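Here the structure is laid out as structure tokens; the discussion comes afterwards.
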Amino acid sequence: MRDYKTVLKQLISEFLGTFLYLAIVLSAGIGHGSNNVTVVIALSNGFVVSSIIYVFGHVSGSHINPAVTVGALVCEHIKPLKALFYVAMHAAGSVAGAAVAHVISAESIRGNLGATIPYEHSSSLQTFLLEFLMTFLLVAVVLSVLDPYRGAKGLGSTPLAIGVCIAGCICSGTPYTGSLNPVRTLGPAVIMGIWKFHWGYWAATMLGGFVAGLVYRFILRIKYRVYQFDEQ
């Protein structure tokens, strides 16, 4: 029963984290109408994700991204069944968050609700590769800062490192793309009915998370504990 309650808390945390992420981040883009400012959107994503990790990270790890869950699964940080439920919570939270963003936004500036759509002059392959690379880096950073043997966990740098990575990737990827998270794309797609290249966003980000998990597990992960100066 205790394990059941723990898992339930983790699933609720993932739902709430993803819900808040979509509701707030989409509002940042909507607020600027058609004149989206890359830096504003990038900082909004980075700050909001960092804050969500601070709030929910101690309960569920605050994945709020199926690609992160895939990377954690490859590194054996999460069981397959729980990972499946995590992804389901991410999907549900993203749709709920996008729905709230739609309700609270003025129709005159709502536009496409921040839907991620490939740049008109970019090919599908270019968009796919950019999403893959950015998600690979993001998941690699997540796995790195959460690795207890590297000495970074517990130093307060985890939310900051992840938030900075997200902000940097969005600055680099905009206007070509800018998902890094398949459910970031899913929510607006469901609410607005915009499905252009939707499969590509899922495939590229999930593949990026999977490959990052493999690279970290077999190349980057160390087997011994890093010495910390406050340890005796």
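Just so you know, glycine gets a Cβ as well, placed from its N, Cα and C.
Note that TrEMBL annotation is computational and uncurated.
So that you can see what the record holds, here are the features copied from TrEMBL:
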type: TRANSMEM; residues: 12-31; note: transmembrane segment
type: TRANSMEM; residues: 37-56; note: transmembrane segment
type: TRANSMEM; residues: 83-105; note: transmembrane segment
type: TRANSMEM; residues: 125-146; note: transmembrane segment
type: TRANSMEM; residues: 158-179; note: transmembrane segment
type: TRANSMEM; residues: 199-219; note: transmembrane segment
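Within the same chain, the transmembrane segment (37-56) packs against the transmembrane segment (158-179): three or more Cβ pairs sit under 8 Å, each pair at least 6 residues apart. Same-chain residues lying 6 or more positions outside the transmembrane segment (83-105) and placing a CB less than 8 Å from one of its CB atoms are 7, 10-12, 14-24, 26-27, 30, 60, 63-66, 69-70, 72-73, 113-114, 183-184, 186-188, 190-192. Most Cβ pairs under 8 Å to the transmembrane segment (199-219), among the stretches 12-31, 125-146, 158-179, belong to 125-146. Remote same-chain partners of the transmembrane segment (158-179), defined as residues 6 or more beyond its termini with a Cβ less than 8 Å from a stretch Cβ, comprise 36, 38-39, 41-43, 45-47, 49-51, 53-54, 57, 116, 118-119, 122, 126-127, 130-131, 134, 137-138, 141-142, 144-146, 152, 185, 201, 205. Packing against the transmembrane segment (12-31) from elsewhere in the chain are residues 40-41, 44-45, 48-49, 52, 55-56, 59-60, 62-64, 86, 89-90, 92-94, 96-98, 100-101, 104-105, 109-111, 113-114, 183-184, 187-188: each is 6 or more residues past its ends and has a CB under 8 Å from a CB in it.
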